[in-house]
Amino acid sequence: MRLIPLNRAEQVGAWSAQHIVNRINAFNPTADRPFVLGLPTGGTPLNTYKKLIELHKAGEVSFKNVVTFNMDEYVGLPADHPESYRTFMHENFFNHIDIQPENINLLNGNAEDHEAECQRYEDKIKSYGRINLFMGGVGNDGHIAFNEPASSLSSRTRIKTLTEDTRIANSRFFGGDMNLVPEYSLTIGVGTLLDSEEIMILITGHNKGLALQAAVEGSVNHLWTVSALQLHPKSVIVCDEPSTQELKVKTVKYFQQLEAKNMEGF
């Protein structure tokens with residue numbers, strides 16, 4: 001596992017965006033051989049999306065031959081609801097780049113048959129072989145996507161009940177009213193994530209400190225979903241200084257020295 005310990009959240013956004021651009025350009029995707037990118041929602045990746053849009057407008061990257069799969073979606077929230085993840089992705093990213101609409105893949109939280117919808121999503125991912133790079137965030141309790149604590153580390157795309165902590169955290173997007181936050185979601189599984197060629201997780205803010213500690217210094221534990229990254233051959237965590245407060249000083253220094261050249265310019 002790699003750890004990129006930067007100073008500020010803005011640097012996390014810049015580094016992660018450049019990493020995605022580098023991966024896409026090195027892959028040199030075509031219509032018949034697209035680059036497959038997994039994407040999250042939430043506050044943490046906003047800096048990354050802003051930087052990706054900036055790099056796209058500067059001619060540094062094209063998303064014409066990029067296929068995307070989003071991590072999750074609320075169940076029962078209308079697709080055009082301002083807090084649906086479909087709306088989030090279009091407003092904050094898709095509407096500002098040259099991605100082809102048919103290459104955007106989002107879970108349908110209003111499907112009549114949730115199990116069939118989840119299987120459709122898994123099958124669609126497999127039709128491309130695998131996801132080349134999956135970017136994600138992490139919750140205070142270490143959840144990735146909506147894989148809450150105690151999720152199976154071999155789980156696939158499925159419907160999940162949201163914990164009270166997650167609903168309270170997400171209530172900030174619903175006027176502070178937890179009762180307006182849906183109780184269920186469709187989410188990729190931990191196993192789905194681990195099937196990706198590469199995983200990049202963004203962690204910012206002091207409130208994510210325990211999750212980062214569990215990911216880097218803890219043991220693999222289904223109560224900390226993020227610890228599953230230790231099982232992946234090509235995972236990278238990009239974090240800011242406030243999120244490292246629970247890590248040992250020598251751990252941070254080790255990765256600062258190890259990744260010094262890769263952090264130059266950020």
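Note: Cβ is positioned from N, Cα and C throughout, glycine not excepted.
Taken from Swiss-Prot, the feature active site, proton acceptor covers ASP72, HIS143. Among the features that Swiss-Prot reports, active site, for ring-opening step is placed at ASP141, GLU148, with the record citing sequence analysis. Among the features that Swiss-Prot reports, site 'Part of the allosteric site' is placed at SER151, ARG158, LYS160, THR161, TYR254, with the record citing sequence analysis.
In sequence order, the recorded positions near LYS160 (site 'Part of the allosteric site') (Cα within 10 Å of its Cα) amount to none of ASP141, HIS143, TYR254.
For ASP141 (active site, for ring-opening step), the nearest neighbour among the recorded positions ASP72, GLU148, ARG158, THR161, TYR254, judged by Cα separation, is GLU148. Ranking the recorded sites SER151, THR161 by how many other Cβ atoms lie within 10 angstroms of each Cβ puts THR161 at the bottom. Listed in sequence order, THR41, TYR85, LEU107, ALA145, PHE146, SER185, LEU186, THR187, ILE188 are the same-chain residues at least 6 apart in sequence whose CB falls under 8 Å from the CB of ASP72 (active site, proton acceptor). Sequence-distant contacts of GLU148 (active site, for ring-opening step), defined by Cβ-Cβ distance under 8 angstroms and a gap of at least six in the same chain, are ASP141, LYS160, THR161, LEU162, THR163, THR166, THR225. Here ARG158 (site 'Part of the allosteric site') is compared against the recorded positions HIS143, SER151, TYR254, and the shortest C-alpha distance is to SER151. Counting in whole angstrom, TYR254 (site 'Part of the allosteric site') lies 31 from SER151 (site 'Part of the allosteric site') by their C-alpha atoms. DSSP assigns TYR254 (site 'Part of the allosteric site') to a helix in the three-state reduction. THR161 (site 'Part of the allosteric site') falls within a strand when secondary structure is assigned with DSSP.
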